[in-house]
Amino acid sequence: MTQDELKKAAAIAALDYVEDGMIVGVGTGSTVNHFIDGLAGIKERIAGAVSSSEASARRLEAHGIPILDLNDITDLPVYVDGADEIDAGFCMIKGGGGALTREKIVAAVARRFICICDTSKKVACLGRFPLPVEIIPMARAYVERELAGIGGRPELRDGFVTDNGNLILDVHGLMITSPRALETELNQIVGVVTNGLFARRGADVLLLATPAGVERQVAS
Ligand SMILES: O=C[C@H](O)[C@H](O)[C@H](O)COP(=O)(O)O
């Protein structure tokens, strides 16, 4: 199977978590695009979707799936999203597509986070994938110095502006042995909007697509 076929298999397996009348939180990325396409097939059964990015909103709209404002919702039963890396404790690095801030907001509201991945995303230690950090533009140089101070090598994502009008620094060289602590520490740097560590709110269920089938793993 190709990597894209594996992504699609994980995405289709996530449809099992969508129940009648539900509002569905929808992430961002190539894996989630398969989920959105699958959701289109059952759109009459759901109340609508909350999107984590402009890109996913456009895809949902193209399928005629109603998009709801997160501020109008008090209960979001499920959020389905991919990851750039996920460890054994279901902590993740996310934001390869630059959607980390809205993803983290929607994930915070959701009762259950379903992570859909192919096996290439499963790692023993987070950090091989450069950690995305969304920053306020005027704080760029300051935040770069702070990140270098903790051993990272920040690189500005060239020509990229987030849906929120901000910049992304991709931080190389971090071996993330304590993801929860690092997530908290990075949040304390003035000028950081969000960092791509999803550790304090990790995944609840991992649907991991392997050539032998989709493994369903539940957080302990
Ligand atoms: O900002 C993007 C998101 O965090 C994605 O969930 C992540 O980058 C994984 O994307 P993909 O499914 O394309 O590998």
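One-based numbering along the chain as shown.
Any Cβ shown, glycine's included, is placed from N, Cα and C.
Source: prediction; values computed, not measured.
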Among Lys43, Lys121 - the residue TrEMBL places in the same substrate site as Thr28, Gly29, Ser30, Thr31, Asp81, Gly82, Ala83, Asp84, Lys94, Gly95, Gly96, Gly97: Lys121
Around the Cβ of Ala83 (substrate binding site), the count of other Cβ atoms that are within 10 Å: 31
Nearest recorded site to Glu103 (active site, proton acceptor) by CA-CA distance, among binding-site residues Thr28, Ser30, Ala83, Gly96, Lys121: Thr28
Listed binding-site residues adjacent to ligand 1, that is, members of Ser30, Lys94, Lys121 whose C-beta is under 6 A away: Ser30, Lys94
Substrate site span - longest C-alpha distance across Thr28, Gly29, Ser30, Thr31, Asp81, Gly82, Ala83, Asp84, Lys94, Gly95, Gly96, Gly97, Lys121, in Å: 15
